[in-house]
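Here's what Swiss-Prot has on this protein:
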SIGNAL    1-22  signal peptide
CARBOHYD  Asn31  N-linked glycosylation site
CARBOHYD  Asn96  N-linked glycosylation site
CARBOHYD  Asn176  N-linked glycosylation site
SITE      Cys250  site 'Conserved cysteine within steroid binding domain'
BINDING   Gln254, Asn286, His390, Trp393  cortisol binding site
CARBOHYD  Asn260  N-linked glycosylation site
CARBOHYD  Asn330  N-linked glycosylation site
CARBOHYD  Asn369  N-linked glycosylation site
Amino acid sequence: MPLLLYTCLLWLPTSGLWTVQAMDPNAAYVNMSNHHRGLASANVDFAFSLYKHLVALSPKKNIFISPVSISMALAMLSLGTCGHTRAQLLQGLGFNLTERSETEIHQGFQHLHQLFAKSDTSLEMTMGNALFLDGSLELLESFSADIKHYYESEVLAMNFQDWATASRQINSYVKNKTQGKIVDLFSGLDSPAILVLVNYIFFKGTWTQPFDLASTREENFYVDETTVVKVPMMLQSSTISYLHDSELPCQLVQMNYVGNGTVFFILPDKGKMNTVIAALSRDTINRWSAGLTSSQVDLYIPKVTISGVYDLGDVLEEMGIADLFTNQANFSRITQDAQLKSSKVVHKAVLQLNEEGVDTAGSTGVTLNLTSKPIILRFNQPFIIMIFDHFTWSSLFLARVMNPV
């Protein structure tokens with residue numbers, strides 16, 4: 001019988017950038033023994049692998065995902081699996097089970113969840129998990145206890161015999177939890193289920209240096225050699241961390257937002273998007289971070305709105321997580337009542353990017369008395385966005401913007 005797993009997220013910087021603040025970034029900053037820090041390497045490696053697979057499957061489409069959301073949802077699901085299914089799932093997420101126990105993995109996600117929940121008052125943060133269970137199914141008490149303990153997941157009874165009503169109820173639940181920003185999660189999906197797992201993330205933060213609202217102008221965006229679209233192009237003239245990479249064909253800037261996060265905007269040279277994406281790794285990010293210099297930059301970035309639903313089943317199978325979708329799936333730690341297998345792993349993402357920031361002293365950008373000509377950097381062709389929480393080193397979001405319209 002089918003089991004559906006959904007992850008959904010929202011990054012909506014209508015007041016800057018939607019993000020998370022963990023805790024004091026100076027506290028035990030180098031203490032990599034913290035449970036959540038033990039996840040960092042595996043989570044980032046999984047993030048780039050998943051991103052590259054999705055990009056390859058949709059070479060001309062916008063891509064926007066929250067890797068940490070997907071990792072957390074799949075890790076939670078692993079609590080209900082046994083045997084080869086469990087080992088394959090955790091190894092597919094990048095964990096070496098000879099080096100890290102399953103308990104340590106789940107403790108790491110538990111601490112990560114708790115840190116994300118400790119957002120600053122200037123941020124809005126909602127992150128959660130929910131399990132929707134058909135009334136005919138008896139959930140094993142151990143599974144219910146584990147997902148509540150590690151992932152603070154709610155368990156809600158549903159009547160999946162009436163699929164239309166059940167899907168509306170789940171849509172309503174997610175809509176309420178994400179303050180009306182994630183809607184119609186089940187739109188266009190007609191597969192009945194007896195158990196649905198949902199992971200959702202909603203968060204809002206602010207640019208430390210907002211874009212100048214009055215400077216936004218309509219400009220050309222060159223999608224490809226034959227397609228040009230008009231976009232509202234934002235402008236920020238300030239001191240920004242900038243790098244013209246000598247090894248990869250790209251330029252990039254790193255910008256901070258209120259909290260513990262950082263965002264990279266990467267502009268590949270014309271026709272070199274795939275070259276840059278292929279090189280994305282932890283080593284590349286470390287090299288970029290070390291090479292950035294504070295520069296006077298006139299930065300032009302288009303206002304972006306992207307919405308998409310991704311069925312991750314084929315991608316996960318390519319990445320070695322295959323048992324979930326076959327009759328070999330072993331979900332015997334969820335219930336003894338039925339033979340379950342995953343029919344879908346769906347991830348819904350929404351991205352909006354605009355100018356606004358916190359209206360406080362020192363947060364409206366930097367006015368410069370230029371002694372040299374500023375670098376002019378126009379994101380008027382396909383580009384990459386990466387957002388990290390630099391306390392937990394979580395890969396919050398990865399995007400490829402092919403067409404911002």
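Using the three backbone atoms N, Cα and C, a Cβ is placed for every residue, glycine included.
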Most Cβ neighbours inside 10 Å, all chains, among the recorded positions Asn286, Asn330: Asn330
Densest Cβ neighbourhood among Asn176, Cys250, His390 (recorded positions), 10 Å radius: Cys250
Residue, out of the recorded positions Asn96, Gln254, whose Cβ gathers the largest set of other Cβ atoms within 10 Å: Gln254
Separation of alpha carbons, Asn176 (N-linked glycosylation site) and Asn96 (N-linked glycosylation site) (Å): 37
Whole-number Å value for how far Asn176 (N-linked glycosylation site) lies from Gln254 (cortisol binding site) (Cα to Cα): 33
Cβ-centroid neighbourhood (8 Å) of the cortisol site, Gln254, Asn286, His390, Trp393 excluded: Thr262, Ile285, Ser289, Phe388
Inter-residue Cα distance where the pair is Trp393 (cortisol binding site) and Asn330 (N-linked glycosylation site), in Å: 32
Trp393 (cortisol binding site) and Asn176 (N-linked glycosylation site), Cα-Cα, nearest whole angstrom: 29
Cys250 (site 'Conserved cysteine within steroid binding domain') versus Trp393 (cortisol binding site) - Cα distance in angstrom: 23
Three-state secondary structure, which DSSP defines for Asn286 (cortisol binding site): helix
DSSP three-state assignment for Asn96 (N-linked glycosylation site): coil
Distance from Asn286 (cortisol binding site) back to Cys250 (site 'Conserved cysteine within steroid binding domain'), taken between C-alpha atoms, in Å: 16
